[in-house]
Each structure stands twice: as structure tokens, then as C-alpha cells.
Amino acid sequence: MALSRALRCCQRIFSWIPVIIISSVVLWSYYAYVFELCFVTLSNNLERVTYLLIFHVCFIMFCWTYWKAIFTPPSTPTKKFHLSYTDKERYEMEERPEVQKQILVDIAKKLPIFTRAQSGAIRFCDRCQVIKPDRCHHCSVCETCVLKMDHHCPWVNNCVGFSNYKFFLLFLSYSMIYCVFIASTVFQYFLKFWVGDLPNGPAKFHVLFLLFVALMFFVSLMFLFGYHCWLVAKNRSTLEAFSPPVFQNGPDRNGFNVGLSKNLRQVFGEHKKLWFIPVFTSQGDGHYFPLRTLRESENPLLANEEKWVEDGGSDEESADENGSSLLIRTES
């Protein structure tokens, strides 16, 4: 027991190494750009002030989104998806697997659940003792079930899911903008140092490496950001792209794809003026999502999006009522 605790403690400590590396590179880039480029290399005051203003806007947005991606805790299923004491006792004492499955089916009929395991059974997490909502998965690193889990990202040392997916996307976008701005403004001075128009000194080293590091990070981020833009457009998570969710008629990668406009609003919210600001605006509460396979008139979550507001009582009641009838439809 003591050994396992020590190993988990070491794992938690080492898991911060990628974040420390990124933070160190960013802090160095701040010093190199502000002091070595703007204050040491640049001679034009107007150019210096302009570069500093734009740079600090990019730097603040990068830090803000990175902070939110790291420290926003992953959302977990609410109590209504956990087994009650009576159901848990009945489930654990039952030795017949087919009866255990039926117990979970009976409980799930009261919940807005449409997806199943590959075998067709109710998706149940033995570790968390919870019936998994649609798009929810257990993270072995965080040791909990995460709503609309996309992946566990070592570079933010956090699970990317429903609660912080918008922040993660903004982090990628502002990281690219940060790199592009640095590379585009440093390039002319890189050439001047390279051909010898500017004298050698500490600034030369920083300016040369600023360009290389900015370009290297931009290229890697460009592919990752492009991939996640495609996922958002299709309303898929990374896990769903590799293993499509299973519905009544089998696996369907486009099961949650309700159109580009609605897909974007699910992640970024209704108000476009808040799309590029790292504040939580995603629709719903992460437990249930509109389905493409149901007509809009039959899908209460798609036809009545105003019910997605975080109103615990009314939201749960409508979900219970609609979830039960719709679940029977998918199992028929």
C-alpha cells in the first residue's frame, strides 16, 4: 500500500514535467523577445512600442488559455448516474452476469443514455461505480470518469473533455498566433544577424533561436489544431474518431453530428463575441447530447435547446422523462 502511494506520488510529480518544459520555453521567449529584441536590437521607438503592445496581447491570451486548460478540473457524472446504495448492493451480490446486465438496463431506462458498449451492454465503470453518460470515458491517469472525454494531454497535465475543451482549442489557436507573430517580426533581424549587418552579441543567439523555436512549434501546432478543427466540425472527440460510439444500429461516427453550426455552438456557445475568450460557454452539462439519428421534433435536446441551461432541478426532470422514452425507442 505504501509503495503504491509512493509510486502515485512520483507519477503526479513527473506528470508536471511537460508543463514545466512548455512554461520554461515561453518564459525564455518572453525574455528574448522583450529584452534582447525590443530593447537591445530595435532602434526605432515606434516599432518597439508596436511590437511590445501586440506581443503582450498575444502573450496574455496564451497564458490565460493555457492556465484554463491546465487548471479547469474535468467534469464527472452527477449523482443520478451513480448506483444508489440499494442498487449497488443488489448488483454486487448478484453472481449471474446476465442478471447484472439487466439490473443496469433497468437503471439506465431512467437516464438519457443512447450509446452502448461494443457488446451492446450498458456502459458501466466498475472503478467509479457509475453508469457512463454518452461520450463519457474513464481516464486511467486522472482515475475518474470524464464527461465527453477527448484525451488526456500530458502538455496540460489534465484530461481534455467537456469542461475545458474550448479552453484547449483556444490554447492551440493562441499558441499558433504567438508563434506566427514572433516568427514574422523576428525574421528580418534574423537575416541581419545572419549576414552580419548587426553586431554579434547575446541578442544574436536569442533572436536566431526565437525564429527556429517559433517555427518548430507552429508546424507541430498547425497539424494538431487542424485535426481538432475537423473533429469539432464533425462533432467527434479524439476517442470517437478512433472508436466510433455504438448506437442501436451499430457503430456510427456521425451519431452526434447535428450540422456545422450546431456543432460549433455546442463547443463555443451561442454568443459569438465570447467564442475567442477563455470563459466557459459550451452548451449543456456534458451528460447528454443531441443525436443526428432522431428527427428534430423527436429529439428534445435538439428541438428545445433552451432547456440546456444549468438548471439542476428542471433539467434533470426533463432529462429523466425524455431519456426514458427515447431509450426505449433505441432498444426496440
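For all residues, glycine too, the Cβ spot is worked out from N, Cα and C.
Note on the topological domain 'Cytoplasmic' (1-14): its mean pLDDT in the predicted model is 78. For 1-14 (among others), the entry in Swiss-Prot reads topological domain 'Cytoplasmic', with the evidence type experimental evidence.
The annotation transmembrane segment is assigned in Swiss-Prot to 15-35 (among others).
When the topological domain 'Lumenal' (36-50) is classified with DSSP, helix, strand and coil residues number 12 helix, 0 strand, 3 coil. Summarising the annotation, Swiss-Prot assigns topological domain 'Lumenal' to 36-50 (among others) and lists experimental evidence as the type of evidence.
Positions annotated as transmembrane segment by Swiss-Prot, on the basis of experimental evidence: 51-71 (among others).
The annotation topological domain 'Cytoplasmic' is assigned in Swiss-Prot to 72-166 (among others).
Look at Swiss-Prot and you will find 123-173 tagged as domain 'DHHC', backed by sequence analysis.
What Swiss-Prot lists as Zn(2+) 1 binding site is C125, C128, H138, C145, and the listing cites experimental evidence. There are 17 other Cβ atoms within 10 Å of the Cβ belonging to C125 (Zn(2+) 1 binding site). Secondary structure at C125 (Zn(2+) 1 binding site), taken from DSSP and collapsed to helix, strand or coil, is strand.
Residues or ranges marked as Zn(2+) 2 binding site in Swiss-Prot: C139, C142, H152, C159. All protein chains considered, the CB of C142 (Zn(2+) 2 binding site) has 17 other CB atoms within 10 Å.
Applying an 8 A CB threshold to same-chain residues 6+ apart, the list for C153 (active site, S-palmitoyl cysteine intermediate) reads A69, C159, V160, F168. DSSP gives C153 (active site, S-palmitoyl cysteine intermediate) a strand state. Annotation source Swiss-Prot lists active site, S-palmitoyl cysteine intermediate at C153.
Annotation source Swiss-Prot lists transmembrane segment at 167-187 (among others).
Look at Swiss-Prot and you will find 188-204 (among others) tagged as topological domain 'Lumenal'. If one looks beyond the topological domain 'Lumenal' (188-204) by at least 6 residues along the same chain, the residues whose Cβ comes under 8 Å of a Cβ in the stretch are 36-37, 40-42, 210-211.
Summarising the annotation, Swiss-Prot assigns transmembrane segment to 205-228 (among others).
Residues or ranges marked as topological domain 'Cytoplasmic' by Swiss-Prot on the basis of experimental evidence: 229-332 (among others).
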C145 (Zn(2+) 1 binding site) to C139 (Zn(2+) 2 binding site) - Cα separation in whole Å:
6
Are there residues at least six beyond either end of the transmembrane segment (205-228) with Cβ under 8 Å to its Cβ atoms? List them, or say none.
25, 29, 31-33, 36-37, 41, 168-169, 172-173, 175-176, 179-180, 182-183, 186-187, 189-190, 193-194
Per DSSP, C142 (Zn(2+) 2 binding site) is which: helix, strand or coil?
coil
Take the C-alpha atoms of C125 (Zn(2+) 1 binding site) and C139 (Zn(2+) 2 binding site) and report the distance between them in angstrom, rounded.
11
Same-chain Cβ contacts of the transmembrane segment (51-71) under 8 Å, 6 or more residues past its ends?
19, 22, 26, 30, 33-34, 37-38, 42, 153, 156-158, 160, 164, 167-168, 170-171, 174-175, 177-178, 181-182, 185, 278
Compute the mean position of the Cβ atoms of C125, C128, H138, C145, which form the recorded Zn(2+) 1 site, and then list in sequence order the other residues of that chain whose Cβ is within 8 Å of it.
P77, R127, V130, K132, C136, H137, T144
Across the topological domain 'Lumenal' (188-204), what are the DSSP residue counts per state (helix, strand, coil)?
11 helix, 0 strand, 6 coil
